[in-house]
Amino acid sequence: MQDSMLERIANSPSYKALRGKRLRFGWTLTIAMLLVYYGFITVIAFRKDLLAIPMGEGVMTWGIPVGFGVILFTIIVTAIYVTRANREYDDLTAQVKREVLK
Amino acid sequence: MSRITTLTRLTAATGFAMVPGFAMAVGTLEGTVEKQATNWTAIGMFGFFVVMTLFITKWAAAKTKSAADFYTAGGGITGFQNGLAIAGDYMSAASFLGISAAVMMQGFDGLIYSIGFLVGWPILTFLMAERLRNLGKFTFADVAAFRFAQTPVRVFAAMSTLVVVAFYLIAQMVGAGQLIELLFGLDYFYAVIIVGILMMVYVLFGGMTATTWVQIIKACLLLGGATFMALMVMAHYGFSLESLFAESVQVKTALATADGKTPEEAAKAGIAIMGPGTFVKDPISAISFGMALMFGTAGLPHILMRFFTVPSAKEARKSVMWATVWIGYFYMLTFIIGFGAIVYVLTNPNLITHDAKGALALVGGNNMAAIHLAQAVGGNVFLGFISAVAFATILAVVAGLTLSGASAVSHDLYATVVKNGKADSASELRVSRITTICLGLVAVVLGLAFEKQNIAFMVSLAFAIAASANFPVLFMSLLWKGMTTRGAVIGGAIGLIVSVGLTVISPSVWEVTLGFEKGSAPFPYTSPALFSMTLAFVSIWLFSITDKSRRGDQDRDGYLAQEVRSETGIGAAEASAH
C-alpha cells in the first residue's frame with residue numbers, strides 16, 4: 001500500500017469510527033470477562049466457603065449456578081460481540097473501502 | 001465377571017502410582033492403566049471411522065495442490081465449519097475423560113478446570129481474531145512478525161511453536177497409547193504406532209482440508225456421544241439436577257462410611273463435592289493457573305492457525321462464536337457426566353477398587369469414569385462407540401498439532417528465513433511434507449520413550465508457554481505501536497525460558513517426575529504463568545522503549561500500515577484469493 005493511500009485511510013472519519021468502536025467495545029467486554037473470571041477465581045482462592053453455601057433445603061449450593069453462570073456468561077458475551085461486529089464493522093469497513101479506493 | 005476380578009487383583013498388585021494431587025490429574029491421561037480384553041465392537045467402530053476419514057483424506061488430497069491448500073485449505077472453510085473444527089482441535093480425549101473423572105472424584109473442583117479452559121475464547125475473539133485473519137496468511141508468526149525484522153521474530157516464533165507442539169504432542173501420544181491399551185486391548189507399542197501413522201497420512205496427503213474434516217467429524221461424534229450420556233443420566237432423575245446431586249452426595253457419604261469414617265466425617269465428605277475443595281492450594285497458584293489456561297488458549301499455535309482457513313474477518317468471528325458455544329456446552333455436559341459416574345459407576349462394586357495408598361479408585365484407572373458410564377447407560381455397543389470416539393479425538397488433536405509444527409518449519413523457517421520469502425509453493429509444500437514425516441517419527445519415538453514417565457505436567461506446561469511466549473508477543477505486536485524487533489525477540493524468549501524453567505523447579509516436575517523429596521521444589525506454585533507472562537510483558541516493553549536502533553524506528557513506523565490492514569483487511573485479500 002502506498003503511503004498516500006495509507007494516510008487517506010487513517011484520516012478518514014469512517015476508519016476512525018471503525019477503529020474507535022472496535023477498540024472500545026472489545027476492551028469493555030474483555031474487562032467484563034476478566035472481572036467475572038478473576039472474581040470467580042478470587043472467591044475460590046480466598047473465600048471458598050461462600051460457594052459451598054446451600055441455596056435452600058436441598059444439597060444444591062450457590063457454587064453450581066455461579067459456575068454454570070460463568071460458562072453461560074462466556075458464551076453470551078462472545079455472542080454479543082460477534083452479533084454487533086457482524087452488523088456494524090463490516091458495513092463500516094465497506095464504507096472505508098468505498099471512500100478511499102474510488 | 002472373572003475378567004474384572006483379575007483386573008482388580010492386577011490393579012492392586014501392580015499398584016501404579018496414582019496421579020499425585022488433583023491439580024495435575026486433568027489434561028493428560030494418567031493413573032492406573034490396565035490392558036483390557038480385546039474389545040471388538042470398539043475396534044469395529046473405530047475401523048469404520050478410520051475408513052471414512054481415509055476416504056476424506058483421498059478427496060482432500062486431490063484438492064491439496066499448493067502450499068495455501070496445505071496450510072489453510074485454500075481459505076475456503078466457513079465460519080460454522082471452522083468453529084466445529086476448532087472445538088474438535090481443542091476438546092482432547094484428556095479433557096473429556098480427565099474432567100469427567102475429576103468431577104466424579106472431586107465434584108465441583110472439576111468445574112473450575114472446565115471454566116479455565118473456556119474463558120480464553122472471548123479474549124481471543126474481542127482483541128485478536130479479526131486482526132489475525134486480516135494480517136496473517138499461514139501461521140501466527142506471519143502476524144507476530146508483520147512489521148518486524150523477519151528472521152529473528154520468525155526463528156523465535158518457530159521455536160516456541162515447536163516447543164508447545166512437542167509438549168502437547170507427547171502428552172497426547174502417551175495418552176493415546178494408554179487409552180487404546182485400555183479400551184481396545186491393544187499393545188501400547190502398536191497403539192502409538194497406529195496413531196503416528198494415521199496422523200501422518202491425514203496431514204501428509206490431505207493437509208488442512210483433511211485435518212479440518214477429521215476434526216469436524218470428531219467434534220460431532222464427541223458432542224453427540226456426550227449429549228446422549230448426559231441425557232440418559234438426567235432422564236433417570238426426571239431432569240432434576242437437585243435429585244442427581246442429592247443422590248451423588250448420598251453415594252459419596254456411603255463410600256466414606258465404608259472407608260471407616262465416622263458419620264459426621266462421612267456426611268462432610270459427601271457434601272464436599274458440592275463446593276470448592278482441594279483444587280486451590282494457595283491463592284497464587286489459583287490465579288497463576290487461571291492465567292495459563294485463559295491466555296494460553298489465545299497463544300496455542302495450532303488453534304491460531306485455524307483462523308487463516310476462513311475467507312474473511314466476519315467468518316473468523318463466527319468461528320470463535322461457534323467454537324465457544326460448542327466448547328462451553330461440552331464442559332457443561334462433562335459436569336453432568338461426572339456426577340452420572342458417581343451414581344452409576346461408584347455404586348457398582350465390580351468397578352471400584354482401592355489403589356496402593358488405599359484411596360478409592362476405578363477399575364482400569366479413574367479416567368475410565370466416562371467409559372464405564374457409557375456402558376452403564378448404553379450397553380456394550382455404546383461403550384464401543386465412546387471408546388472409538390475417544391481414539392478419534394486423539395487423532396484429530398495430534399493431526400492439528402502436527403500440521404502446526406510442520407508449518408512453523410516449512411513456512412516460517414524454510415520459506416521465510418532460509419529462502420528469504422522467495423520459496424515457490426511447490427518446494428514449500430515439499431518441505432512441509434518432509435517435516436510432517438519427521439514430526440510423525442519424532443512423536444512416535446517420544447511417545448514410546450515417555451511411556452513410563454509421569455507426563456501429567458505437559459499439557460499445563462504447553463498452556464503456560466503459550467501464555468508466556470506466544471501470547472505476549474502476538475498481543476503487543478497487534479496493539480502496541482512502540483514494540484520493536486528487539487522487544488519482541490528478547491521478551492518472547494524470556495517468557496519461553498522462564499516458563500519452562502519455573503515448571504522444571506515446580507513440584508509437578510521437581511518432586512513427581514524427577515523424584516526429589518516432597519516439599520523441596522524451589523518454585524512452590526502449580527503454574528508459572530503469573531510470573532513468566534508478566535515478565536514477558538515487562539521485558540517486551542523495556543527492551544522496546546530502550547531500543548534506539550534504526551530497525552526499531554522502522555518497526556514503529558510500520559505500525560500504521562499494519563494497523564490499517566488489521567482493522568480493514570485492505571491488502572489482505574490475496575491471502576485467500578482463489
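Using N, Cα and C of the backbone, Cβ positions are placed for all residues, glycine too.
As given in TrEMBL:
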type: SIGNAL; residues: B:1-25; note: signal peptide
type: TRANSMEM; residues: B:41-61; note: transmembrane segment
type: TRANSMEM; residues: B:82-105; note: transmembrane segment
type: TRANSMEM; residues: B:111-129; note: transmembrane segment
type: TRANSMEM; residues: B:155-176; note: transmembrane segment
type: TRANSMEM; residues: B:219-239; note: transmembrane segment
type: TRANSMEM; residues: B:284-308; note: transmembrane segment
type: TRANSMEM; residues: B:320-346; note: transmembrane segment
type: TRANSMEM; residues: B:382-410; note: transmembrane segment
type: TRANSMEM; residues: B:431-450; note: transmembrane segment
type: TRANSMEM; residues: B:456-480; note: transmembrane segment
type: TRANSMEM; residues: B:487-505; note: transmembrane segment
type: TRANSMEM; residues: B:525-546; note: transmembrane segment
(message) What residues elsewhere in the chain lie close to the transmembrane segment (B:525-546), defined as a C-beta under 8 angstroms and at least 6 residues from its ends?
(response) 23, 281-282, 284-285, 287-289, 291-292, 295-296, 460, 463-464, 467-469, 471-473, 476, 480, 482-484, 486-488, 490-492, 494-495, 498-499, 501-503, 506-508, 552
(message) Checking distant contacts: for the transmembrane segment (B:155-176), what same-chain residues at least six beyond its ends satisfy Cβ-Cβ under 8 A?
(response) 27-29, 92-94, 139-141, 144-145, 191-192, 195-196, 299-302, 391, 394, 397-398, 401-402, 404-405, 408-409, 412-413, 417, 439, 442-444, 446-447, 450-451, 453, 455, 458-459, 461-462, 465-466, 469-470, 473, 488-489, 492-493, 496, 500
(request) Go through B:82-105, B:111-129, B:284-308 and flag the stretch with the largest number of C-beta pairs under 8 Å relative to the transmembrane segment (B:219-239). (result) B:82-105
(request) Return the stretch with the most CB pairs under 8 A relative to the transmembrane segment (B:456-480), choosing among B:111-129, B:382-410, B:431-450. (result) B:111-129
(message) Given a Cβ distance threshold of under 8 angstroms, which distant residues of the chain, six or more beyond its ends, lie next to the transmembrane segment (B:284-308)?
(response) 23, 71-72, 75, 82, 85-86, 89-90, 116-117, 119-121, 123-124, 128-129, 132-133, 136-140, 142, 160-161, 164-165, 168, 316, 319, 400-401, 403-405, 407-408, 460, 462-467, 469-471, 474-475, 525-531, 533, 575
(message) Can you work out whether the transmembrane segment (B:382-410) touches the transmembrane segment (B:111-129), with the criterion being 3+ CB pairs under 8 Å where the paired residues are 6 or more apart along the chain?
(response) no
(request) Would you kindly check B:82-105, B:320-346, B:487-505 and say which stretch has the most C-beta pairs under 8 angstroms to the transmembrane segment (B:111-129)? (result) B:320-346
